[in-house]
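For reference, the structure is listed below as structure tokens.
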Amino acid sequence: MHKLSLDFLKVTEAAAVASLPWVGTGEKNSADDAATTAMREMLNQVNMNGTVVIGEGELDEAPMLYIGEKLGNGSEPKIDIAVDPIEGTTPTVNGQGNANAVIAAAPKGTLLHAPDMYMEKIAVGPKAIGKIDIDAPLIDNIKAVASANGKSLSELNVYVQDRDRHKGYIDTIREAGGKVHLFSEGDVTYSIATCLEIGNVDMVIGIGGAPEGVVSAVGIKCLGGEMQARLLPRNEEEADRCRKMGLANPETALRHNDLVSSDDCIFAATGITENILLNGIKVSPEGNYLVNSVLLNGEDKQLRFIESLYLKNRIA
Ligand code: VTB
Ligand code: MG
Ligand code: MG
């Protein structure tokens, strides 16, 4: 499986390069279409029997990279794929930072199949594995992570997406003396950062997209951190969609292994616009693109930052 790493790198690079013309245009649909088309084209060239398990939507609502779509040339291995061609469409089309093209893959049957809905998530780095419990009160988790990371509560840096729905979390963290860092978009990047020595991210907590949750869980698995989650169906219809995907109790706690159960997994991300993990694509005066990516796999657990130069006359 890890032998396909470079193929997945090309997939996220293609999606990011295809997004670039849409940076700052305000055209969300066009940006997503361009990235999705490019990602799908590349995925179909990979030697694999792939199935989208986390995609751009369900069969009836997404024309490409929908859940259940078969990808690749059909040869072994059989792979589950989670995609987000643009993780951060809003910042992309608003010309702001925090957008990446991301993908995660793992052997068939080892990734959570989840609809596109909200999910509560906790992500921590390697020092805090075994210390979090999504069923426990947030205050207990904060204290456990501070202690595992060798910090006092006042030294703890918790990253939370800037949304009204997170007021309760923010108040609890601050009342406990912890530092809250609000970010506007892109919880995958911050979740991965919990495992790296950048930004001093001790913990990410909050409610975001379930697709982004599964993609993050793979990246964190590759880096030896931990993630736990809980799907949050907002009505019976959403709960039904979960059940149809095999989740008998949609609101049950999802431990890291429920999100991704194999170590033989791959995570790739390419920067579209600047973020704490990656530089955005830079265009040289000659029109060449400098493209930055991160490539992780759960087998050798190495972290690879890869810089590619897309020459002007080779850019589609
Ligand atoms: C979340 C988060 C993503 O969009 O899905 C968010 O996980 C959507 O939240 O990283 P809102 O509905 O509150 O806007 C991202 O930030 C970007 O896709
Ligand atoms: Mg997206
Ligand atoms: Mg997204």
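For all residues, glycine too, the Cβ spot is worked out from N, Cα and C.
Curation does not apply to TrEMBL; its annotations are automatic.
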Asp84, Glu87 bind Mn(2+) 2 in TrEMBL, but which of Glu212, Glu226, Glu236 does that record place at the same site?
Glu212
Same chain, not part of Asp84, Glu87, Glu212: whose C-beta falls within 8 angstroms of the C-beta centre of the Mn(2+) 2 site? Give them in sequence order.
Ile86, Gly88, Asn100, Val102, Gly186, Val188, Gly209, Pro211, Val215
How many Å separate the Cα atoms of Asp84 (Mn(2+) 2 binding site) and Glu56 (Mn(2+) 1 binding site)?
7
Check the binding-site residues Asp32, Glu56, Asp84 for any whose Cβ is under 6 angstroms from an atom of ligand 1, and report them in sequence order.
none
My understanding is the cutoff is Cβ-Cβ under 8 Å with a sequence separation of 6 or more in the same chain; which residues meet that for Asp32 (Mn(2+) 1 binding site)?
Glu56, Pro85, Ile86, Thr89
